[in-house]
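J.: After the structure tokens below, expect a handful of questions from me.
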Amino acid sequence: MSLVMDSLKNLLLSPLRGFIHKDFHDIFERMTLLSKLLFLIVHLVDKLNLWHRLPVLLGLLYLGARRHLHQEYNLINVGKTPIGVRSNPADHPYRTADGKYNDPFNEGAGSELSFFGRNMLPVDQHNQLKKPDPMVVATKLLARRNFVDTGKQFNMIAASWIQFMIHDWIDHLEDTKQIELKAAEEVASQCPLKSFKFFKTKEIPTGFYEIKTGHLNTRTPWWDGSAIYGSNAEVLKKVRTFKDGKLKLSADGLLEIDKNGKIISGDVRNTWAGLSALQALFVQEHNSVCDALKKEYPELEEEDLYRHARLVTSAVIAKVHTIDWTVELLKTDTLLAGMRANWYGLLGKKFKDTFGHVGGSILGGFVGMKKPENYGVPYSLTEEFTSVYRMHQLLPDKLQLRNIDATPGPNKSLPLTNEIPLEDLIGGKGEENLSKIGFTKQMVSMGHQACGALELWNYPVWMRDLIPQDVDGTDRPDHIDLAALEIYRDRERSVARYNEFRRGMLQIPISKWEDLTDDEEVINTLGEVYGDDVEELDLMVGMAAEKKIKGFAISETAFFIFLVMASRRLEADRFFTSNYNEETYTKKGLEWVNTTESLKDVLDRHYPEITEKWMNSSSAFSVWDSTPQPHNPIPLYFRVPPQ
């Protein structure tokens, strides 16, 4: 009987095998019936390269189908999962210092020093760590020749913001063993460093049969504001005043400096003036929440004020990222609708504000769902997520300081006073310069300057001779070539190279360089570095070379990781789902989050003159002298992208 069924199944599926790309035959066989149907739809649309040209509603259906597939097949646990151990959420109605006890079924999920997960199985490259030479790749394909920016779409605040998020989410524990990379003779004369030393990523046995070793995250991957609060009790103690629930902040609105000359903040490693300005802004936000809560609820203890204010501030950060930063990064109507649906659901803000969370995640959004959803895989951020967030091309060579004493011109533009090299704005020297520049001038200058584009030949050369820091912000003695190091890190951490990565994300792989780009110079240089073997192409290089979707500042390959992981950061966290309520946040706290829609709202709260005098754009993340978004009378879901 089973033989007959198999024959019948093969008969039915054989026409499909001709349609489905050969690399997906095996996984298609293993899929459930629903997943098979969704895959066929997604695969057809991919073959036609159509999804981003579809009407908004159809585009959302495609993204929903693709996200479902990734939730089924691209969430892989690393390490053991406790069985039969459960904590009571009522015992921890607040975000803990080290991220523990968020998940009642797995107290360590999302905590400091938990494992990075995976979106696909690791691809061991330990015998190919230097093939091709990372310094050759960095020199011939990454190093900036002429600065290319993002036009009016994305500014330096947006570039600083993503580092602010990375310092909340991810950092790898390093080994004590050093490795040295030496420049190959063919590129040595073009490398700022002829060789450099760095610490390898520490490999830890997982005690699990499928993925035997993994890497630990020294930051808490929950969206818990750890860039300002820290990822453990020791750092948290340093940043708190223990008065009215507040955090330390200097009188000039910047981060406090300790007796050793280092900034006091939740994360002080590899910082720069743009990042610490945002850290300072959200310390102000936390402290303002404390004031509002104390006024509303004078009976609250100091610890409760801190706990509620942390919940509120973390949620504001998550909301700004979801419906403001990401919308500017992926500037299309489809993603405007998609990101707002993540927070508010398809029924929208007005409906949710009036009736509360109605329906499941699709209609009501992830925020306020009845219970968190992790699809049977403990929450973590992943190695692949880390890899697609390699975005140092966003940084220019110089910050253009604006004259805030001048009368603003058309579109609130401001004249330049001078340019300051980015090297002078990183680390301790950067903090000294920031204190001279001041918060307002720094923020306005970043607002008016476009950031770099995520393209080939746009990686800052000054970052190829960089002083890295320890976790406590102390400079290390050995300079590094960050461009070459990033290529090495992906290989060292067994992250698939570009083509295998695409297969892992159910994207059609390339078969020749011309599938990736039309640019003849890029095609020739790829051939020079990688030969004819497209399988050798490094992920970071492939994403930079890839033809971008109109309106996207990132590659489609990176975006599909975002698609699953951005949703996961909200839906797997009980403080955005079952505990997103007045009891946990307080009524005033929840109202604070629900009435904050953008970074502009946060700036307005603390520096109303900044946006009023100097910001013309709709979003604080687009260049400030750009034209505001015009009103579109066509309802969002019925819009059609320009073809």
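From the backbone N, Cα and C atoms, a Cβ is placed for every residue, glycine too.
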J.: Looking at the Ca(2+) binding annotation from Swiss-Prot, with Thr220, Trp222, Asp224, Ser226 already listed, which candidate in Asp168, Asp171, Asp175 is the matching residue?
T.: Asp168
J.: List every residue in the same chain as His172 (heme b binding site), at least 6 positions away in sequence, whose Cβ is under 8 Å from its Cβ.
T.: Phe116, Thr201, Lys202, His215, Leu216, Asn217, Thr218, Thr386, Arg489, Arg493
J.: What three-state secondary structure does DSSP assign to His172 (heme b binding site)?
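T.: Its secondary structure by DSSP: strand.
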J.: Please give the greatest C-alpha separation between any two of the heme b-binding residues His172, His392, Arg489, Arg493, in angstrom, as a whole number.
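T.: Site span for heme b, by Cα atoms: 19 Å.
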J.: Say we define neighbours as other CB atoms within 10 Å of the CB. Which of the binding-site residues Thr220, Ser226 has the fewest?
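T.: So among Thr220, Ser226, the binding-site residues given, the one with the fewest Cβ atoms within 10 Å is Ser226.
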J.: Taking the Cα of Arg269 (site 'Transition state stabilizer') as the centre, which of the recorded positions listed as His167, Asp168, Thr220, Trp222, Asp224, His392 lie within 10 Å of it?
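T.: Checking each Cα against Arg269 (site 'Transition state stabilizer'), the hits are His167.
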J.: With His167 (active site, proton acceptor) as the reference Cα, tell me which of the binding-site residues Thr220, Trp222, Asp224, Ser226, His392 is the closest one.
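T.: Closest by Cα: Ser226.
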